[in-house]
Ligand SMILES: *Cc1c(COP(=O)(O)O)cnc(C)c1O
């Protein structure tokens, strides 16, 4: 028997695969579509998601940490390229190279160190180099990158497979920052290609794919859009929703007089209101900021969240349901194709990425394959 008592999280692998194919189709011909599966595939389960993407032809995977990369290597064997986006921990270089993981390196010093360690151990050390094209987060700045271009000896001994950079405003197509970063990255890529003709260029995340072919280069790195987050906020979502989260109701109650609900007595309901308390709270990733603002979904209707969200439970006002609907009601959905990760994020004052990566581990997870 499946145990749904703590909530049921359904993850549709077919929809994720469909989103991958859709993104792949949007790329300029010749560009490859990779997949970012960091943070356990944005909370949806790397072990399940990755094989689904692999079956659609994905061979370029991006993770955040070495531990994620090692896990992925064990599961997928040698047939895929795995890039660690946050580099390699000092002292862990050899382990990283032996596992066949490609670290993203941000400084000349890191690159030299990596090359030396791999040479000493006589093992291959393919790597990615990241430049900062204007986001001012990780990556070599223009001066340091120029030093790299001038260090022919280092370039000859380093096995740089990918040059990458990250866009700061890809989800705002009109933002001038996009064009500035595009030009800066393109120029850097052209210069490096003269010296390392095999290097592949990678700039676009999910939203970057929608900025047009100029942004696609050789490898795209979508994450969120694979999992259903809208890559073009403010316009209809072209991606398929991938998750449904259903919370079991543990108590239904009729409120006999005007009364406040939950911690802090922040919100009141009128006499005659019907409430449903569902199992699932902020410890399960139901973002607390939704309290008094968000909603659930049942019987084709939105049902408001009343009062603050507790650690293990959330209270909904189900007064809008008919007598029969109320009697038969056993669960309330708080994520589905009507109540999307983007809609929930809006209620919680955050982004779909945080809604997904917060999903808790107490739910029963069901993976839909076909
Ligand atoms: C997380 C991440 C991505 C994926 O971004 P999405 O917006 O989720 O598509 C791509 N590149 C880098 C460097 C990242 O850290």
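Backbone N, Cα and C atoms are what each Cβ position is placed from, and that goes for glycine too.
Taken from TrEMBL as is:
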MOD_RES   38  N6-(pyridoxal phosphate)lysine
ACT_SITE  38  active site, proton acceptor
BINDING   137, 311  substrate binding site
DOMAIN    242-368  domain 'Alanine racemase C-terminal'
ACT_SITE  263  active site, proton acceptor
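When Cα-Cα distances from residue 38 (N6-(pyridoxal phosphate)lysine) are compared across the recorded positions 137, 263, 311, the shortest belongs to 137. Local packing around the Cβ, expressed as the count of other Cβ atoms within 10 angstroms, is greatest for 38 among the recorded positions 38, 137.
Per-residue pLDDT, averaged along the domain 'Alanine racemase C-terminal' (242-368), amounts to 96 for this model. Under the three-state DSSP scheme, residue 263 (active site, proton acceptor) falls in the helix class. Residue environment of residue 311 (substrate binding site) contains 11 other Cβ atoms, counted within 10 Å of its Cβ in all protein chains. For residue 263 (active site, proton acceptor), applying a Cβ distance below 8 Å and a minimum sequence separation of six or more within one chain yields 307, 308, 310.
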